[in-house]
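Have a look at the structure below, then the notes.
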Amino acid sequence: MHDKLFTPGPTEVRAELLNELASPQIHHRTEEFRKLYDELQIYLKKLLFTENPVFLFTSSSTGAMEAAVTNGVKKRCLCLVNGAFSQRWYQIAQQNGVPCDRVDVEWNKAIKPELVDEKLSSGKYDAVTMVFNETSTGMMNPLKEVGEVIKQYDDVLFLVDSVSAMAGTEIRVDEWGIDMCLAGLQKAFALPAGLAVASVSDRLLARAEEVEKRSYYFNLLNMYKYHQRSQTLSTPAIPHLFALRRQLKDIIDIEGIENRFKRHREMAHYVQEWALEYFDIYPEKGYWSQTVTCILNTRDISIPDLNKELVNKYHMRIANGYGDLKGKAFRIGHMGDWTLADIRGLLVTINDILSLK
Ligand SMILES: *Cc1c(COP(=O)(O)O)cnc(C)c1O
């Protein structure tokens, strides 16, 4: 029996999807592949409410984050930082020699649109990076509202990491003015790790034309050239693409996008209620994530001991706090294909272990 992952990525993958990885391989320069690629485009565009192409990255999400800042910044990038992954994005920009500044907000506070407006009014920036759902803190930043602010600035691109949110909660790429919306598949998509996807706007491609080339593999123009032929630049992770096709069909044609988002809201609400009853929730109210809850360890329990017992006796795994929050908080992932019943089962088990009544 395997350990069930209630971690905020990687997440549990259904056997049907794992089986897709064992499909006979196809060649990536064939008509059969182009058909697969086109099908993925149709479904991914539906999921993201966009007309933009959605590129496939044979890398984890970090590769797509790197592509965003190396292709999308000519003048200077504003990195909005309120957690570990948004901080990483700043470091990625820095280490690639991309001109950038960070603006820091306390990790339990959301990025507010007014702050973004104030920073952009300096006229120094032509791109903004933001993490929609900070997996490290269980914070969901106000994506739509920040997008509204950025729309007021004509030449500023909006680069969004939606890694642990995409396929779990609504993201309207075109309406909300998102130029790049990226995610790895091992979070709310509930697929194995190793592939990332990102929608890319015309504005971003135009910017990439003007930027000094910093990469071949993560060069969006190279990727676009192949996209136009319904192909990828290099050999993609073909097994993952089969699994992605199956999962997108299940999400869109069988469960329904709206139902999927509703199920995530219900799971989140249930975990939040439990957390408030027995512990507390780390981020400020009003911005709690719909896919992961970061629970303050107000009872001073041993999180490693709790996890050990969960894994050894019940084959369930949750996550400790991230970075500085280790020991001070723990995280429960309620994303992907888990149901409310699964989440109830986990919380009943934790109550049992901790003798909570
Ligand atoms: C997991 C995660 C990442 C990093 O993803 P990798 O696939 O490990 O590169 C980046 N951002 C967020 C918000 C994440 O949750």
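A Cβ is built for glycine as well, from the same backbone N, Cα and C atoms used for every other residue.
Feature annotations, courtesy of TrEMBL:
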- R331: substrate binding site (BINDING)
- 23-273: domain 'Aminotransferase class V' (DOMAIN)
- K187: N6-(pyridoxal phosphate)lysine (MOD_RES)
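Long-range Cβ contacts of K187 (N6-(pyridoxal phosphate)lysine) within its own chain (separation 6+, distance under 8 Å): P8, G9, P10, T11, T135, V163, S164, A165, M166, G168, T291, M335, G336. Within 10 Å of the C-beta of the residue listed as 'substrate binding site' there are 24 other C-beta atoms, taking all protein chains into account.
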